[in-house]
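Visitor: Starting off with a structure, shown below.
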Amino acid sequence: MLIDKFERKIDYIRVSVTSRCNFRCLYCMPNTPFEWEPHENILRYEEMFEFLRLAIDEGINKIRLTGGEPLLRKDLDVFVKMLHDYRPDLDLALTTNGYYLKEYAKKLKDAGLKRVNMSLDSLKPEVAAKIAQKDVLNRVIQGLDEALKVGLKVKLNTVVMQGINDTEILDLLEFAKNKGVTIRFIEFMENERAYPGVKRVDSKVILDKIAKKYKFKELPKDNSASRYFETEDGYVFGIIEPHNEDFCKSCNRIRLTAEGYLIPCLFFTESYNIKEALREGNIQKASEILREVVANKPEKNDWQDEEVSTRAFWETGG
Ligand SMILES: Nc1nc2c(ncn2[C@@H]2O[C@H](COP(=O)(O)OP(=O)(O)OP(=O)(O)O)[C@@H](O)[C@H]2O)c(=O)[nH]1
Ligand SMILES: C[S@@+](CC[C@H](N)C(=O)[O-])C[C@H]1O[C@@H](n2cnc3c(N)ncnc32)[C@H](O)[C@@H]1O
Ligand code: SF4
Ligand code: SF4
């Protein structure tokens with residue numbers, strides 16, 4: 001079992017399968033050039049699998065594939081199947097911008113994927129295009145519909161930004177409610193790579209806007225990143241508020257990047273290279289590095305102290 005020095009059980013790993021992305025979201029990578037790591041620097045699926053098998057044997061029971069945009073990496077369904085076959089009861093999920101989901105949802109479901117979390121920041125085509133710097137809304141909604149059609153469980157993620165999409169909170173909530181999926185509103189996490197004009201909306205402001213139309217009660221907190229609420233008519237939505245001082249108390253996760261680095265926390269730049277150990281076939285060394293990463297997880301992020309992170313979300317997988 002993996003326990004950190006604050007007694008938090010680490011049973012969740014987020015795996016970024018590629019840093020590449022076909023969007024340029026204002027809050028994530030607005031100015032990143034389209035030049036990327038050469039292929040030989042990226043872990044092969046077999047190398048990732050070797051490591052994840054070890055992590056599963058140490059107590060990891062939830063794996064989320066993310067990116068960059070994970071659906072840009074070829075044969076993702078093959079990787080999903082490797083993980084599913086090794087441990088069919090894994091909570092095996094994907095976080096995607098949804099652009100290619102229409103094409104891949106069925107393949108992924110058939111390979112053993114259970115859940116998909118999708119980014120949806122606006123229901124207005126021109127606002128969605130401003131945020132992603134690309135005309136995306138139509139395809140994203142088609143991707144959502146296809147994921148539901150093939151039987152994947154879906155959640156929506158919305159990063160709320162002042163003056164950009166903060167007037168759409170109720171519309172987005174009602175869109176999700178009509179589709180029968182949970183939506184989580186995310187506080188923008190201040191990041192050096194983001195567009196400088198992006199300003200966060202605090203969770204309290206988001207909840208106040210929802211309270212103008214709906215009565216809701218908070219559900220008991222588990223170790224998910226989100227707080228969940230239930231409206232009087234039984235709809236569940238969530239809030240992800242990394243600026244809240246309690247946010248990190250339930251942290252149960254570490255991250256693996258496509259380049260082979262393990263990352264103890266989303267805020268900090270600290271990382272541990274496991275690529276060499278994996279390429280040498282040195283599983284003992286990889287296991288030691290895994291334990292070191294868990295041992296060095298910080299107690300909390302510095303967004304709570306109004307600091308700005310320098311770590312790129314698209315490398316870390318969010
Ligand atoms: N600060 C911080 N943000 C996180 C963490 N985990 C997830 N998030 C953010 O929460 C948002 C949604 O994350 P998802 O990729 O949907 O994953 P998840 O919240 O673990 O999903 P579920 O398993 O469905 O609860 C993203 O913006 C992430 O960056 C975390 O450990 N720390
Ligand atoms: C880095 S993306 C990778 C997966 C996929 N491309 C997507 O957009 O869903 C993962 C998550 O990070 C979130 N994210 C990126 N930058 C963020 C920021 N500065 N603050 C809050 N969330 C952010 C996105 O909204 C998304 O939910
Ligand atoms: S949030 Fe996801 S879709 Fe948007 S730029 Fe970052 S990696 Fe790409
Ligand atoms: S900010 Fe760091 S410590 Fe806090 S929940 Fe996220 S990964 Fe865990």
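Each Cβ is built from the backbone N, Cα and C atoms, and glycine gets one as well.
The GTP binding site annotation in Swiss-Prot covers ARG14, ARG64, THR95, LYS155, ARG253, ILE254, ARG255. Here Swiss-Prot flags CYS21, CYS25, CYS28 as [4Fe-4S] cluster 1 binding site. Summarising the annotation, Swiss-Prot assigns S-adenosyl-L-methionine binding site to TYR27, GLY68, SER119, MET189 and lists sequence analysis as the type of evidence. The [4Fe-4S] cluster 2 binding site annotation in Swiss-Prot covers CYS248, CYS251, CYS265, and the record cites sequence analysis as its basis. Residues or ranges marked as domain 'Radical SAM core' in Swiss-Prot: 5-217.
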Visitor: Suppose the [4Fe-4S] cluster 1 site is CYS21, CYS25, CYS28. Which further residues of the same chain have a Cβ inside 8 angstroms of that site's Cβ centroid?
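Guide: Filtered neighbour residues, in order: PHE23, ARG24, TYR27, MET29, PRO30, THR32, ASN97, ALA132, PHE313, TRP314.
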Visitor: With the Cβ atom as the reference point and anything under 6 Å counting, tell me which of the binding-site residues (ARG14, TYR27, THR95, SER119, LYS155) are near ligand 1.
Guide: THR95, LYS155
Visitor: Quick check for the class: what is the C-alpha distance, in angstrom and rounded, between ARG64 (GTP binding site) and MET189 (S-adenosyl-L-methionine binding site)?
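Guide: Taking the Cα atoms only, ARG64 (GTP binding site) lies 20 Å from MET189 (S-adenosyl-L-methionine binding site).
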Visitor: Tell me the coarse DSSP state (helix, strand, coil) of SER119 (S-adenosyl-L-methionine binding site).
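Guide: Once the DSSP labels are grouped into three classes, SER119 (S-adenosyl-L-methionine binding site) ends up as strand.
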Visitor: Relative to the mean position of the Cβ atoms of CYS248, CYS251, CYS265, the recorded [4Fe-4S] cluster 2 site, which additional same-chain residues have Cβ within 8 Å?
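Guide: Same chain, not in CYS248, CYS251, CYS265, Cβ within 8 Å: ARG8, PHE247, ARG253, LEU266, PHE267, LYS297, PRO298, GLU299, LYS300, ASN301.
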Visitor: For SER119 (S-adenosyl-L-methionine binding site), which of the listed binding-site residues (THR95, LYS155, ILE254) have their CA atom within 10 A of its CA?
Guide: THR95, LYS155
Visitor: Consider only the binding-site residues CYS21, CYS25, GLY68, CYS251: which of them have a Cβ under 6 Å from an atom of ligand 3? Write none if no residue does.
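Guide: Result: CYS21, CYS25, GLY68.
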Visitor: Does DSSP put CYS248 ([4Fe-4S] cluster 2 binding site) in a helix, in a strand, or in coil?
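Guide: Its secondary structure by DSSP: helix.
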Visitor: Listed GTP-binding residues ARG14, ARG64, THR95, LYS155, ARG253, ILE254, ARG255 - what's their greatest C-alpha to C-alpha distance in Å?
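Guide: Output for GTP binders ARG14, ARG64, THR95, LYS155, ARG253, ILE254, ARG255: max Cα distance 21 Å.
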Visitor: Cβ under 6 Å from ligand 4: which of the binding-site residues CYS21, CYS248, CYS251, ILE254, CYS265 qualify?
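Guide: Passing the 6 Å Cβ check against ligand 4: CYS248, CYS251, CYS265.
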